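J.: Sharing the record's features from TrEMBL:
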- Asp37: active site, proton acceptor (ACT_SITE)
- Asp186: active site, proton donor (ACT_SITE)
- Ser10, His74, Gly157, Phe158, Gly159, Gly160, Gly188, Gly208, Thr209: substrate binding site (BINDING)
- His35, Asp37, His74, Asp186: divalent metal cation binding site (BINDING)
Amino acid sequence: MSPKPIIAPSILASDFGKLASECQRIIGHGADWLHIDIMDGHFVPNITIGAPVVTCIRPAIEKTADGKGIFDCHMMVAKPEQWISDFAKAGGDLYCFHYEATENPRECIKLVHDSGMKAGIAIKPDTPADVLYSILDDTSDPDYYPDMVLVMTVEPGFGGQKFQQRCMPKVTALRDRYPEMDIEVDGGLGPSTIDVAAEAGANVIVAGTAVFGAPDPKHVISILKETVQKNVELWKTRSKV
Ligand code: DX5
Ligand code: ZN
C-alpha cells in the first residue's frame, strides 16, 4: 500500500495557555495527527511537557476510524524506555524515540508495542540513515519492527528553526529502500519547503510555526497535503529505476 499523506502540526507552536482548544482548532482545520514534542532538558537543551499534560488534552480530541486525532509523541528524552508506560496511560498513540538516546533501539520498539502504542524511531540531522537499515531490513518479527521513521530536518530542541535541506538524501534513500514506510520529517516545514521534502519521499509532515502561525491554517494544511499526494506516484517510478 502506498503511504498516505499525513499532516501533523506541532503543538509546540501553539498557545500553551489554551492548549486543548488549540488542538481542537487545528484538527478542525484539517490536521490529521497532533505532533507532541516532549523535551526533558537532557537529550535536548529545552524542557516542554510531560504525560500529565497529554492526559489533560486527550479527552478534547476524538480519534476517528480514518486515522484522525492520533497523538504523535516525539520523545526528545535521554531515557526513552523510562516514559513508555506513562505515555501509553496518558493516551499517546505513537511513541517516537530517538535512535541516539538508547542502547537498544529494537528492544525499545518492542517495549513500546507491548504498551499498546505504535513505535517510531527518529534520527537527528547528523545521524546517517543507514544506522536504521539492520532494524528496517529485519521483518521477521513485527513486535520489533517500527511503524514510522522520523528524519529530523532541524537539530531537535526548538521550534521555528530553518529547514536543513542536507537531510533530504536520507529521506530519498529510506523511501527508495522502504516504499511503504511512513517517513516523517520535522523542523522548518511549510509551504516554502514542502516541495523538496515531498519530492524526496516524506509522507508525514510536521509543521509547527507554519501552521499555528498562519492566518489561514486550513490553507497551509491543504497545500502540505496536496504536495505530498502529488509525489506519491513519483516515488513509485523512481524506486523501480
Ligand atoms: C523541534 C521539534 C519540532 C518543532 C517543529 O525540536 O521536534 O517538532 O516544534 O517546529 P517548526 O515547524 O516551527 O520548525
Ligand atoms: Zn518534533
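Heads up, the Cβ atoms here are built off N, Cα and C, so glycines get one too.
Note that TrEMBL annotation is computational and uncurated.
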J.: Measuring Cα to Cα, how far is Asp186 (active site, proton donor) from Gly157 (substrate binding site) in Å?
T.: 11
J.: Fewest other C-beta atoms within 10 angstroms of its own C-beta: which of the active-site residues Asp37, Asp186 fits that?
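T.: Candidates: the active-site residues Asp37, Asp186. Fewest Cβ atoms within 10 Å: Asp37.
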J.: Could you check the binding-site residues Ser10, Thr209 and say which one's CB has the fewest neighbouring CB atoms inside 10 Å?
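T.: Looking at the binding-site residues Ser10, Thr209, the Cβ with the fewest others within 10 Å is that of Thr209.
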J.: Determine, from DSSP, whether Gly157 (substrate binding site) sits in helix, strand or coil.
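T.: The residue in question, Gly157 (substrate binding site), is coil (DSSP, three-state).
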J.: Apart from His35, Asp37, His74, Asp186, which residues in this chain have a Cβ no more than 8 Å from the mean position of the Cβ atoms of those residues at the divalent metal cation site?
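T.: Apart from the listed residues, the neighbours are Ala8, Ser10, Leu12, Ile36, Asp72, Cys96, Leu150, Val206, Gly208.
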J.: Enumerate in sequence order the recorded positions Asp37, His74, Asp186, Gly188 whose Cβ-atom distance to ligand 2 is under 6 angstroms.
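T.: Close enough to ligand 2 are Asp37, His74, Asp186.
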J.: Under a three-state reduction of DSSP output, how is Gly188 (substrate binding site) classified: helix, strand, or coil?
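T.: Reduced to three states, the DSSP call for Gly188 (substrate binding site) is coil.
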J.: Same chain, not part of Ser10, His74, Gly157, Phe158, Gly159, Gly160, Gly188, Gly208, Thr209: whose C-beta falls within 8 angstroms of the C-beta centre of the substrate site? Give them in sequence order.
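T.: Counting only non-site residues, the set is Leu12, Ala13, Asp37, Val154, Gln161, Asp186, Gly187.
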J.: Which of the recorded positions listed here (Asp37, Gly157, Gly159, Thr209) have a Cα atom within 10 Å of the Cα of His74 (divalent metal cation binding site)?
T.: Asp37
J.: I need the CA-to-CA distance for His35 (divalent metal cation binding site) versus Gly188 (substrate binding site), whole Å please.
T.: 14
